[in-house]
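One structure is given here, and the rest of the page talks about it.
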Amino acid sequence: MLISSFFPWFVVLASFTVRVIVYGITYTSGIVYVIILKNFQTGKAETSWISSIITTVMFATGPPSGRLVKALGWRAVAVIGGIIAGTGLLLTSLTSNLLFLILSYGFVTGFGCGMAYMVACVAVPAYFRGHRRQKMAVAMASCGSGVGTFIFSPIVQYVYVTYGWQNLFIVLAGVGVQCSSVGLLFRPLSTTSTTDSEKVAEKIANWGFLKNVGFHSSHLGFFLTAFGDSIVYGHLGEYAETLGFTTDKGAYLYSVIGISVMILKLLQGVALDSRGSTVLPIKLAIFFFFLGGVATVILFVSNEYILLLIFATIFGANTAASGGAVVVGILETYYGYEHLELTFGVNLAVIGIGNLLGSPIAGLLFEAYETYTPVLILFCVTK
């Protein structure tokens with residue numbers, strides 16, 4: 001579409017803010033994992049489901065959220081998602097039972113965050129369709145994920161130490177429900193009516209990408225990356241403590257990851273807007289996957305804090321490929337803009353499955369061998 005006003009940039013701001021909130025809540029689950037271990041006196045394997053399920057549900061909500069967006073519109077889905085996320089976090093503050101916490105924090109909060117996140121991901125490409133700065137706009141909005149991880153990590157740690165774990169979830173509930181307020185900015189675009197035959201053709205074409213071998217092979221890479229990401233986000237803080245570092249230093253590593261994600265997502269937008277090659281998005285994805293391999297080597301030999309900081313920086317650069325301009329560029333280039341809600345939704349679901357498996361399996365390995373060495377080996381294999 002042609003940008004005739006400044007309003008689309010408010011949509012970028014709204015998308016950025018939603019991502020800050022969503023990632024701030026879901027990607028500090030590794031810190032929450034340590035908090036629950038200390039307060040609930042539970043095992044590492046069973047507690048690992050907390051950090052795994054919330055990110056899994058957030059991403060797996062992609063396909064149904066994509067259908068809801070088509071039925072209800074961006075604004076309604078974002079508002080409902082914010083309310084659900086806030087409700088889940090408020091319920092979490094009321095329990096001392098691990099199973100109920102997994103349901104309220106993992107499933108309810110994750111589902112609400114996923115609805116709001118889906119809208120934040122697809123609204124910006126739609127508002128900037130055909131605009132020369134589309135990829136930059138997408139990159140600016142996606143930086144919210146890095147900012148959320150960066151600023152929420154020390155905040156979550158501070159609120160917990162100062163006010164306790166129950167008040168922490170109450171504060172997060174108040175923040176989460178703000179997705180509803182911000183979601184009001186997702187004003188729907190005007191659409192043209194289509195004939196019944198066009199709608200049927202669109203429906204058939206929408207799911208045609210599932211028959212594409214290239215779609216499955218590329219998403220195998222996204223699955224493995226998400227599997228490794230789940231291990232890091234779920235266990236990095238605890239791993240740092242086993243090396244003798246403080247809880248605060250472990251939490252700071254998540255902030256470093258967030259900064260790296262933010263910077264690399266911006267650079268994605270610059271690279272994709274400065275060149276017109278349709279091959280570039282997939283080349284960038286391969287480069288980011290390569291960075292994941294470099295990160296594994298560094299983590300495996302990390303026994304000093306400076307090496308953990310270097311790992312967090314490179315790992316954040318690798319993670320930046322998820323949900324940013326690179327993914328949108330690949331899906332638009334090879335499968336069409338008109339199918340973005342569905343292709344992006346499936347992309348999120350694949351990432352969600354990877355997130356579901358990584359952290360709990362890592363927890364089981366640690367409990368079986370009482371060392372993080374097999375966990376590090378698993379991380380190396382998947383990245």
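Just so it is clear, glycine is given a Cβ too, placed from its N, Cα and C backbone atoms.
As recorded in TrEMBL, the features of this protein are as follows:
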type: DOMAIN; residues: 10-383; note: domain 'Major facilitator superfamily (MFS) profile'
type: TRANSMEM; residues: 6-36; note: transmembrane segment
type: TRANSMEM; residues: 72-92; note: transmembrane segment
type: TRANSMEM; residues: 98-124; note: transmembrane segment
type: TRANSMEM; residues: 136-156; note: transmembrane segment
type: TRANSMEM; residues: 168-189; note: transmembrane segment
type: TRANSMEM; residues: 209-232; note: transmembrane segment
type: TRANSMEM; residues: 252-272; note: transmembrane segment
type: TRANSMEM; residues: 284-301; note: transmembrane segment
type: TRANSMEM; residues: 307-331; note: transmembrane segment
type: TRANSMEM; residues: 343-366; note: transmembrane segment
(request) Give me the stretch from 72-92, 98-124, 343-366 with the greatest number of Cβ pairs under 8 Å to the transmembrane segment (6-36). (result) 98-124
(message) Under 8 Å for C-beta pairs, could you tell me which stretch among 72-92, 136-156, 209-232, 343-366 has the largest tally with the transmembrane segment (252-272)?
(response) 136-156
(request) Would you kindly list the residues that approach the transmembrane segment (98-124) from elsewhere in its chain, counting only those six or more residues past its ends and only Cβ-Cβ distances under 8 Å? (result) 8, 11-12, 14-15, 18-19, 21-22, 25-26, 32, 36, 40, 42, 46-47, 49-50, 52-62, 65-66, 68-69, 74, 77-78, 80-89, 91-92, 137-138, 141-142, 144, 169, 176, 179, 183, 186, 323, 328, 340-341, 344-345, 348
(message) Looking only at the recorded stretches 72-92, 136-156, 307-331, which one has the largest tally of CB-CB distances under 8 Å to the transmembrane segment (168-189)?
(response) 72-92
(request) Sort out the residues at least 6 away from either end of the transmembrane segment (209-232), same chain, that have Cβ-Cβ distances under 8 Å to it, and list them. (result) 30, 51-52, 55, 59, 257, 282, 285, 289, 292, 296, 315, 318-319, 321-322, 330, 334-335, 339, 342-343, 346-347, 350-359, 362, 375, 378-379, 382-383
(request) Go through 72-92, 136-156, 343-366 and flag the stretch with the largest number of C-beta pairs under 8 Å relative to the transmembrane segment (307-331). (result) 136-156
